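Over in Swiss-Prot, the protein carries these features:
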type: DISULFID; residues: 3-24; note: disulfide bond
type: DISULFID; residues: 6-11; note: disulfide bond
type: DISULFID; residues: 17-42; note: disulfide bond
type: DISULFID; residues: 46-57; note: disulfide bond
type: DISULFID; residues: 58-63; note: disulfide bond
């Protein structure tokens, strides 16, 4: 699996996930509390969202754009 790994809105930095990491995630905040930041990466399980945070998980290559 390959996931995007940069926090900018338009990201093209691709990372090959390690064994056991079969999920790509992207997190962002309701109301843009941190400005336009979208932390992304690989995970074994979908990360839990913090208050006012939205986490999207998917399992195909580069799906976390």
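Quick reminder: no glycine exception, Cβ is built from N, Cα and C everywhere.
Taking CA atoms as the reference points, residue 11 (disulfide bond) and residue 3 (disulfide bond) are 10 Å apart. Listed in sequence order, the residues of the same chain lying 6 or more apart from residue 24 (disulfide bond) and placing their CB within less than 8 Å of its CB are 1, 3, 4, 17, 40, 41, 42, 43, 57, 58, 59, 60, 62, 63, 64. For residue 6 (disulfide bond) paired with residue 46 (disulfide bond), the C-alpha to C-alpha distance reads 17 Å.
A count of other CB atoms within 10 A of each Cβ picks out 42 as the most crowded of the disulfide-bonded residues 11, 42, 57, 63. One residue stands out among the disulfide-bonded residues 3, 6, 17 for having the most other Cβ atoms within 10 Å of its Cβ: 3.
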